[in-house]
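Participant: Below is one structure. I have some questions about it.
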């Protein structure tokens, strides 16, 4: 085993990477509330894992969406548990994200030189809420359908461009298959990709600048 390790160590400098990760300075004022960002990240990983598992059974069509969710809940082994964990962790992720934003704001973690870290965090917060809005509609039951109709109808109040935004969100004048396809694409591809990109930037800046000091 030592020869295998030495082979990788010679090429990748694994020990140097491990030392850099393990020797990062942690200020003495850090408490349990500074773990909220990590908790949010952990819940995001749970969302990815359970969401990926559900894509094997979910069918994003207005005719089959509800039936596929019902099949997952009643016939698939542990399907009810996977969906329940997805739903519970989604609620917990939103809560931990809100608490994390509040902690950063109240402790002044958004101030110079960490403005970009704050901006990427706010963008991820918007993505998190968008996850909830798009995911809520995917079962395409009565609650999901009317939620989509109301949410996508809100921009209609904007002068001039409002109707165009509504049509863009819905994929047409009314709510239907195009709307479900758009929301499914946003929920499973666009939003996860954006979140991962800004999350990497967020983490890199935290590693570079460290944790902000006490007030």
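Every residue gets a Cβ built from N, Cα and C, even glycine.
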Participant: In Swiss-Prot, which of the ranges 90-110, 153-173 has the transmembrane segment annotation?
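Facilitator: That would be 90-110, the stretch labelled transmembrane segment in Swiss-Prot.
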Participant: Quick one: find which recorded stretch in 32-52, 90-110, 186-206 has the most Cβ pairs under 8 Å with the transmembrane segment (116-136).
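Facilitator: Stretch with maximum Cβ contacts: 186-206.
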Participant: If you count Cβ atoms within 10 Å of the Cβ of residue 86 (heme b 2 binding site), leaving out that atom itself, what do you get?
Facilitator: 18
Participant: Expressed to the nearest Å, what is the distance separating residue 202 (heme b 1 binding site) and residue 187 (heme b 2 binding site) at their Cα atoms?
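Facilitator: With distance taken Cα to Cα, residue 187 (heme b 2 binding site) is 21 Å from residue 202 (heme b 1 binding site).
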Participant: Given the binding-site residues 86, 100, 187, find the one whose Cα is closest in space to the Cα of residue 35 (heme c binding site).
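Facilitator: Nearest in space to residue 35 (heme c binding site), counting only the binding-site residues, is 100.
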Participant: I'm trying to understand the geometry here, so how far is the Cα atom of residue 187 (heme b 2 binding site) from the Cα atom of residue 100 (heme b 1 binding site), in Å to the nearest whole number?
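Facilitator: The separation of the Cα atoms works out to 23 Å.
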Participant: Between the Cα atoms of residue 100 (heme b 1 binding site) and residue 86 (heme b 2 binding site), find the distance and write it as a whole number of Å.
Facilitator: 20
